[in-house]
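Encoded as structure tokens, the structure appears first; notes follow it.
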Amino acid sequence: MMQFQRDLEASLEAVSANAQELLKSLKSRKDVQDLNASLPKDPLDNCDAQTQAARAQLAEAATRILRLSIRPQEYLEHLQNGYQHLTCFRWLVELNILDHLPHSGTISYTDLARKASVPPMQLRSICRMAICNGFLEEPEANQVRHSRISALFARDESYLGWARWMVNYSVPAAYKLSDATRSWGETVAKDQTAFNLGMDVKVPFFDHLRQTPAMKDAFAAYMRNVTSNATWGLQHAVTGFDWASLPRGAKVVDVGGSLGHGSIAIAKEHTHLTFVIQDLPETVAGARKEMAQNDKIEASVKSRITFQEHDFFGPQTVKDADVYFLRMICHDWPDNEAKVILSQIRAALKPGAQIVIMDTILPQPGTTSVLQEQQLRIRDLTMMEVFNAKERELEDWSSLMQSAGLEISRVNQPLNSVMGLLTVRSAGQTALSGTNTLTPELVTAVSASTGSADSRPVLIAGAGIAGLCLAQALKKAGIDFRVFERDSHIDARPQGYRLKFEADAAQSLKNILPDDVYEAFELSNAVTAVGETDFNPFNGNIIHSRTGGGLSGKKGLYATFTVDRKAFRTQLMTGIEDKISFGKEIAYYKTDDSASTVTAEFKDGTHVTGSFLAGTDGLHSVVRKTCVPDHRIVDTGAACIYGKTVMTPEFLARFPEKGLRFMTVVSDIAPMLQSCLIGDSPVTLLLEPIRFSEASRARYPELPADYVYWALIGPKERFGSQEVTSMKNFVSLDQAAEQAAKLSLAVTEEWHPSLRALFELQDTKQASLIRVASTIPDIPSWESHSNVTVLGDSIHPMSPCGGVGANTAIVDADALAKVLVEHGTKPPVNAIAEFEAAMRTRAKRNIWRSEVGSKRMFGQKNLVDCSEFVF
């Protein structure tokens, strides 16, 4: 019951979040309506990647809600809908009904039946069944028109070709699977398949295809759609392997390459490569003719492609190739025949040559999205029904390679693709290593095959500073890991701009980062200037100013590094990009003490199992709420607006020059009577110029223009309690940023114009308003666990007034990494307890420092007296 409730809640949250993201995108689009367009268009066409990701996650969550809400007694009813919908779809396609449906406007059932020469009553019943499933529309009684779905088939002949192939060949074969099993049992014979029974033929699929021109044409139309479809598309072949690393003139053999679509796509992007496309004689003849007649293929591409007649079951005749490319080849054949194909290539491999296989890699059940897994299972069953073959899990691929004297050196599963890419070499040349772009799903598959918790990755919840630092430390130590971030991408929301690191964090970064990443980090930092200037907000005069002094002394703040947050996070992702999954929010986790594993369940319905879970998922940490359920987070009573103002000539002319040397503070203290009688507390502005050296810009031209980082902090009543509360209700982040920017102007409306320039010229899209939360300095201990812990803001959030939140998180990550390096990814519980105790001591010191700063800057009361933070 609890599992059901958790799954339902997670799916509902995913629907809400992604529906809002989708609506925000649709409302912001300024598509010009094409008045000459006739067929309805899909409003989701041409959306950006972020919107498409939200759409996919919405569809996934809706699918899960449907599964959860349907009662067992209704299952057969939904199957009935499925087969009747398919029946109606076939009727509409085979009787060419869409040819007679107008591209714009409606048509009566009577007129449509007359045009198509079909019985009117049948037409109406069949159309209305299709309408129930979104195919066609009936906007008024007895008037039918295209829907956005049916319009695709009227607009794109390749989809209609796929439809004809599905209803005439795929469906009959699928329906006869049980009969084939009853007749032949377990067999790999190509003429004893469900396809043979469904089509009533005696020969294997490809033999029948060659003998049947109509079927051959239908199959070609189907394959054209496959190559153009994004989930099956050739772009993944282009980007999924490092073709650029091959030497100039390198030879690629496209084994079983058919018409050469794969080679052509790669050749267009990589002009230094040559290609040999191999296939059977009749296929090669057709391919040569088609390429010669295709004016869309440039001569420079054609000149680097040759065709060769070849049967891949025979000896490989090209022995000087650098890469042998097999796309959708092995899945057509059972293991014994696939082994022959691979062995023939293995015998021809020159030293250093590779095999690139683009084919389906089946996930373990439940480790990828429902919709993705459905498509992969469809492919698996299709191979079984047509060829007595199968799609393979990673373990199956590994075993197949081993049988042919090969081994997998790299695995890449592109997002939104039904096929992965396997890079293969002769056995003994390499081993599957940490450089692979293995997705969490494939990691789960590997782990399941070995059964060893030690082989499972460390799971890191959150790609903030603590999470990425821990990831880099684990990479440096050779410990496998995966990072899961709830945001859809790294810049999904403003998170502040400037960070200052002191000596302890600087040392931890040196411990954590590989040498090349640390060197890049140092060079990408902003110029650090030590000092402070204080201004009167009302007349714009300097009150206090000191260069160095206390800030550079032993008792003051001594910043080792001044860091642009975005540049820093980018550096922290260097070399581990393939280990980070965005748009993955943990719903809950569960531990298995007997297996020493922990499984994270995500709100999109997927899950992944690891050896250890580190909660670095911030203030709203799901890991903390489970691991330390009674942990106290308090509301400091403050709100803070973070902002960024670029140092344009106009800004430099208006803002006080001496306010742009180092740290500047402006304190807006309440008037006397308000302070005495009402208890009005101050509002404080902290700002600092962020400038980059010429050397940094020469090395990293993508660094932002010089800017001023600022934070305006004060009691939330000064910002308007209602405004602070309502910010989280904005659908659009742009709306929230704009409102925060307006609020900064309202709070400082009586300030001197020279200082107000900071807010008037700010980048309004970069402003963000947050409520300031903290934990108390004396953090109570909790029961430790051997395979789960929390660190950073997940467990000890603190006010920004101390300037040490990020410092503390970095040192936490360094300390936890040392535990995992020393004890492995199944550390004893006492080792985790010692880490957590030291973390609490470290946090206490820094929370106290933040508390002191908060009292001065906005009149915060003692943290122990603050009320609970309401999320």
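Quick reminder: no glycine exception, Cβ is built from N, Cα and C everywhere.
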Which single residue out of Ala473, Ala587, Ala806 does Swiss-Prot record at the FAD site shared with Glu485, Arg569, Asp793?
Ala806
Chain-internal residues, separated by at least six, CB under 8 A from Asp279 (S-adenosyl-L-methionine binding site)
Gly256, Gly257, Ser258, Ala287, Phe307, Glu309, His310
If you measure between the CA atoms of Arg569 (FAD binding site) and His331 (active site, proton acceptor) and round to the nearest Å, you get 41
For FAD, whose listed binding residues are Glu485, Arg569, Asp793, Ala806, the greatest C-alpha pairwise distance in Å:
18
Listed in sequence order, residues with CB under 8 A of Asp793 (FAD binding site) and six or more positions away
Gly464, Ala466, Gly618, Leu619, Ser621, Gly805, Ala809
Within 10 Å of the Cβ of Arg569 (FAD binding site), how many other Cβ atoms can be counted across all chains shown?
18
How big is the Cα-to-Cα gap, in Å, between His331 (active site, proton acceptor) and Ala806 (FAD binding site)?
49
